[in-house]
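The feature domain 'RNA polymerase sigma-70 region 2' is assigned by TrEMBL to 24-90. Sequence annotations record features per position, and here TrEMBL assigns domain 'RNA polymerase sigma factor 70 region 4 type 2' to 118-170. Taken from TrEMBL, the feature transmembrane segment applies to 170-189.
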Amino acid sequence: MDLKEKSIIERCQRGELIAFTEFYDGYVDRIYRYHFYRTRHQQLAEDLTQTTFLKALDAIASYDETKGALGPWLYRIARNSLFDHWRTAKETVDLRAAEHAASPQNIEREVQAKLSMEEVSRVIKQLPEDTRDLVLLRLWDGLSYSEIAQMLGRSEGSAKMAFGRAIKKIQTQLVSMVSIFLATIYVYGF
């Protein structure tokens, strides 16, 4: 942990709201991306980000730097907030959004724009939960192996190895999907 981060924590623990604002500004975009990638819903990601920081504000007084760095601590809070939401959430459908999404112009545009991302997301979602979290924390959230290891309770070497295996698995699945797609085109003459 660097001196600036340590100073911010100490000031937060003394109740200085300006320090919490600095802490918030330093992490809000990353925590929002964490939630948005997992929910694919802007308002929900914003709500979960707010919940994460409210929980962090409540817990900052008991933060212990000897148990890990600030970033992984905050990501654990974000992860727990997301799990809490999933446990209590009920499925709802916004009919206006569904109608808009179903229009022919939007379907064609969205299919072209999201096809490859959807394929990658589908493959990532098939990974075991801990492996999926590791991949998303590294690629989407940009955390270091050290931060990921602290957050997931692994060694740094174990995190690196698991990430490498996960990437190979993702690549293999994507190559397989492309091969099937090309074979279908060849057979049916599309």
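Backbone N, Cα and C define each Cβ position, glycine as well.
Broken down with DSSP, the domain 'RNA polymerase sigma-70 region 2' (24-90) shows 59 helix, 0 strand, 8 coil. Residues in the domain 'RNA polymerase sigma factor 70 region 4 type 2' (118-170) partition by DSSP class (helix H, G, I; strand E, B; coil) as 42 helix, 0 strand, 11 coil. Per-residue pLDDT, averaged across the domain 'RNA polymerase sigma-70 region 2' (24-90), gives 90.
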